[in-house]
Amino acid sequence: MGTVNKPVVGVLMGFGIITGTLRITNPVRASVLRYDDFHIDEDKLDTNSVYEPYYHSDHAESSWVNRGESSRKAYDHNSPYIWPRNDYDGFLENAHEHHGVYNQGRGIDSGERLMQPTQMSAQEDLGDDTGIHVIPTLNGDDRHKIVNVDQRQYGDVFKGDLNPKPQGQRLIEVSVEENHPFTLRAPIQRIYGVRYTETWSFLPSLTCTGDAAPAIQHICLKHTTCFQDVVVDVDCAENTKEDQLAEISYRFQGKKEADQPWIVVNTSTLFDELELDPPEIEPGVLKVLRTEKQYLGVYIWNMRGSDGTSTYATFLVTWKGDEKTRNPTPAVTPQPRGAEFHMWNYHSHVFSVGDTFSLAMHLQYKIHEAPFDLLLEWLYVPIDPTCQPMRLYSTCLYHPNAPQCLSHMNSGCTFTSPHLAQRVASTVYQNCEHADNYTAYCLGISHMEPSFGLILHDGGTTLKFVDTPESLSGLYVFVVYFNGHVEAVAYTVVSTVDHFVNAIEERGFPPTAGQPPATTKPKEITPVNPGTSPLLRYAAWTGGLAAVVLLCLVIFLICTAKRMRVKAYRVDKSPYNQSMYYAGLPVDDFEDSESTDTEEEFGNAIGGSHGGSSYTVYIDKTR
């Protein structure tokens, strides 16, 4: 869907988890069967058909399939639409996945032009009796195409093209009157012998009024990606949810379609709860016999074929005469300015002396302002085989007069300001009015430095090397200036195998003469007194180590003697506000005669003698 000035959400093209009672309807036999909790009583169904659950892995859709005669082939594991029965329990877990938001990528990336919204009243449908139906065209205007019903049953209604291919979105606005019927007809394309699965979902707009009501607006996701789509306000989305109305599966057999009936699975209880009749579903058709306000909203139709084809359509159903919905206010999108440039190139090119080759910069652009000035410039610095790597400070291309770029360290291994580089070639387009294709319609003036002996091609984006000598090895930098400002930078190292060096692009300014490079850490060197003898240094180290060992030994002996004189155990003299006392592990012999009083006190405290057995005592003073 799209965006407006305040936060909005798009109508989701997927389907949520299926709940409720299934109502399976065979329109041809006019029989209605009800089953709860997805359990099918096959004894009550047609004995010539087998109904099996299956899951669309690409679109997280679930359904029941009337396999018919194909049931004799058991399960078709090669089909992307039929899953083995043991996977049936898993499809509900993934049923919450969606196609996406805002219909992004549908009919845009494929290069097809999106259809503009059309006003199609329910009265424009001439009815089944006449054999004539109104089909919206895909040529970007508001005209309609009238085709015969029999023609719609065979292949593509648009010039009879039977080649399967993805279709762009069909965006159709339908105006209806209260208590009148209306029919939604999808611009369907079918191929003989292909099994199709169609799904209908519905986003009601009953709770969405005023500015929150769904409306068709002009959406721009990017400067170059704009289209018409249905926009749903975020306040509306919080009060409503999308329902999957039904799913229909059938194999298209032309005029024999009536001999192989389709099966419709109604998976929504929305209209049952409102005590309204659910819409009638046929291949590519949704019918409502008596329109009430509960039927207004967004309907999404999706069709997939077993041959891999897919198409879908979005219908916005509103009251007839609703001027707000009929003539929606386009969303305010900022006018793009400036230009966008993107380049693809190799960062290195290895050659042999005498080779002829081309160095190309593949430039893609979108220019939003005209007239404009464009400068394409090639710069060069020689490479030093001892430099590993060469460093390109691209910041200096944007600030060529900065002091750090004009005076820096290691100038032979860096590329900084263009003022310090050699100009190889340049192409200028001045006061150009043609933003779509400036190379074809604008005058470009090129200049080549004769000392290099190179040839400029492709409007200034390609350098051709002929009988290349080794002296042309170097770092070549390509810069795009738009109206005097740097817009894009690219580089390539051209060298022989023997003198190849790598090049990297650095962010920020290069280090100055008094500043070490940020990427290297200077080594700390401890000065040594040249008058000190190695023998004296060795003696000093040995003496110091011996002193440390002796000190540690003395401390160890003192601690050991002290521990031999301490009490065998002691009671922690904790204050009485604590809840526990902790006693240690007693031993058999007590060498300290001064510990008798404490031991007796401890024995009396616990109500017995301590003896000589080992134990740990926890005394709770609260007892």
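Using N, Cα and C of the backbone, Cβ positions are placed for all residues, glycine too.
Using a 10 Å Cβ-Cβ cutoff, Tyr438 (sulfotyrosine) registers 19 neighbours. Summarising the annotation, Swiss-Prot assigns sulfotyrosine to Tyr438 (among others) and lists sequence analysis as the type of evidence.
Residues or ranges marked as sulfotyrosine in Swiss-Prot: Tyr441 (among others). Listed in sequence order, the residues of the same chain lying 6 or more apart from Tyr441 (sulfotyrosine) and placing their CB within less than 8 Å of its CB are Cys432, Glu433, His434.
Residues or ranges marked as transmembrane segment by Swiss-Prot on the basis of sequence analysis: 539-559. Residues of the same chain that sit 6 or more residues outside the transmembrane segment (539-559) yet have a Cβ under 8 Å from a Cβ within it are not found.
According to Swiss-Prot, the motif 'Internalization motif' annotation covers 582-585, on the basis of sequence analysis.
The phosphothreonine annotation in Swiss-Prot covers Thr596 (among others).
If you look up Swiss-Prot, you'll see Thr598 (among others) marked as phosphothreonine, on the strength of similarity to another entry.
Tyr441 (sulfotyrosine) falls within a helix when secondary structure is assigned with DSSP.
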